[in-house]
Amino acid sequence: MKLPWQKSEQQSEQRAEGGSTAISAAEIGGASGGDEGASISDAHDEPKYPKGYTPPKGRPTPKRHDQEVKRGVVRDPEKMTQAQRAQKNKELKASMSKEEWKAYKKEQRAENRRANKEIQARIDAGDEHYLMDRDKGEVRRYARDWVDARRFFNNYVMPVALVLVVVLFIGTWLPEVSAVLSGLTMLFILAIFIEAFVIGKRVNNAVRAKFPGTTETGFGLGMYAFSRASQPRNWRSPKPQVSIGEKV
């Protein structure tokens, strides 16, 4: 049993605890309200950009030509673009007489012919720096040598096709031989396709034996060998580097 003065002490303690709890709740509420107010003010302070807008990076955008030179797309950094060449020619033409301009253009054409001949000579020699992408690599070089060292029926495709065209025109005036010519033409086309399949299979087997770990074999390599075999030897580019019958 509690005495009367003990009850009054307990009530005063409870009132004190309730007051401290209210003060703490007020402090927490004030703090959270302050944070919310700060976040709202920060949201209002952030700039609003339109859709698709890119903020500046703090540096100028590099020129495309400079990036292509850096990546190696443009091999000659000093090479002028088409617009730069046109502007230079315009300035030169304005500074020259008519006769001087004609002489300059003539010399420029001669220089271009010399440069083209030099490039073609490098291509014919098989220089990797001047070859097309389809001709680059040791596998393609070996496939060219493999074809150039052999004789095929496809070596005579173009001459025989030209003769057949002429004969077919003659057949319009000689109907009695048109059926024979049509049969010969079909046999010729069939022989081309059969040998094309044989060339593709044989060159792939030879490349796999020469380069066991290569991944460049397949239909593309077979078509590459067939297209080279179907050209006359003197028309091929790069030029043949081996003789017929030579072991490769």
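Note: Cβ is positioned from N, Cα and C throughout, glycine not excepted.
Taken from TrEMBL, the feature compositional bias 'Low complexity' covers 18-29. According to TrEMBL, the compositional bias 'Basic and acidic residues' annotation covers 63-79, 88-98. Residues or ranges marked as region 'Disordered' in TrEMBL: 1-98. Annotation comment: TrEMBL describes 156-174, 180-200 as transmembrane segment.
Residues 147, 152-154, 157, 160, 164, 167-168, 171, 219, 221-223, 225-226, 229-230 of the same chain, all 6+ positions outside the transmembrane segment (180-200), place their C-beta atoms under 8 angstroms from a C-beta of that stretch. Helix, strand and coil residue tallies for the compositional bias 'Basic and acidic residues' (88-98), in that order: 9 helix, 0 strand, 2 coil [DSSP].
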